[in-house]
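In TrEMBL this protein carries:
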type: DOMAIN; residues: 28-356; note: domain 'G-protein coupled receptors family 1 profile'
type: TRANSMEM; residues: 6-35; note: transmembrane segment
type: TRANSMEM; residues: 47-68; note: transmembrane segment
type: TRANSMEM; residues: 107-132; note: transmembrane segment
type: TRANSMEM; residues: 144-165; note: transmembrane segment
type: TRANSMEM; residues: 209-231; note: transmembrane segment
type: TRANSMEM; residues: 296-323; note: transmembrane segment
type: TRANSMEM; residues: 335-357; note: transmembrane segment
Amino acid sequence: MKTSLLLMSIVVFCEYAFLVQCALGLIGNAINLVVLLSRAMRSRTNALLAATAFADGLFLLALTPHYLSRFAFFVRTSKCPHDLSNATTHIRCRSEFYEFYIEYKTLFTFAANWFSAASSWLTVAVSLDRLWAIKSPLHVRSSACSWSLVLLLPSVFTITGLLALPHNFAFKVIHENGTSGEAVNHSLAQRQVAQFHNGVQYLFTVTSIVVQVFLPVLLLSILNSFLIYYIRHRREFFETAAPRGSLHSSKSSTTDAPPLSATFLPRISNINDTPRRSRKWSGAWARQLHVSQRRVTVMVVAIVSCYLITHVPSTVLFTYMYTIDLNFYQRRENYAFVLISNLFVVFGKVANFFLFCSSRSVFFFVLD
């Protein structure tokens, strides 16, 4: 009794929490789309972030009917009697929204998995773009809208959509008429049950799990690890290269030709002031660069940690539900675990996107 009450409390909390997450996510993604697609903000990274915001918004919209179907206001008509003990009366009291939802529930599930996978791969693309920006900053700055970006965005949505297609066939809607006690619960009057998985469908399901779930997590961890390494490597390079350059210039000043600025600028009264000023400026620049690199490192670690913490539970549950226990979703007590994993995923996508956008200014300072 206590366990069922606890699970029911978790279900109610997750259902209402999603409404808050969905509202904040849709408003935030809409604002970010307006900002990132403005003329002054056009760049390849911003285009990828805008595509990620678009995919996250569609992901939230695809999940919304699942949660709205849990509220009686959207399930029953206004003229529905309070006594729903009769199965026929219960079926007739269903609203048009619920009839539409239960008929196309698999399509909403397909859309949610599709846009979730597209958002994950676009997040990987943003990490790859930032890693490439560290290695070739001039090339990145000169390619605001290249042909590779034009090919990348449709490819991500097309491939993830094709891999998510098995979700349309993994479940089917069964119309149950004449049930007695169970018909009081609207979720049991028409429900989804797993179909028999043949060899081809099972192969597609496993491939979909690997490509849409495991690979993005693995690549995101690897790319951001390399990103931190290259940021640290750039710092060591600048710290070791600056003293050598200043030493070389002081030794060769008697034999080499003076720099161009020295031939036009007035003569300095004290020649010893020049090395002092250069060391002072280089020291201040090194300290500022160190602070910025530390901020980028902390931000990258936060992005990866947030993604892993929020997506690993859903990954484990998703794999178990689609490969091991095909009847997992039929048991009512398991619905709480699905809602908890969805709560983590939605929070992770909203938080990760805002982390990406907030780290943009700090990240591009390192390139400067």
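A Cβ is built for glycine as well, from the same backbone N, Cα and C atoms used for every other residue.
Between the transmembrane segment (144-165) and the transmembrane segment (296-323), the number of CB pairs under 8 angstroms, six or more residues apart, is fewer than three, so the stretches are not in contact.
When Cβ-Cβ distances below 8 Å are used as the criterion, the transmembrane segment (209-231) is approached by residues 113, 116-117, 120-121, 123-124, 127-128, 130-131, 134-135, 159-160, 163-164, 293, 296-297, 300-301, 303-304, 307-308, 311-312, 314-315, 318-319, 322-323, 366 of the same chain, each at least six residues removed from its ends.
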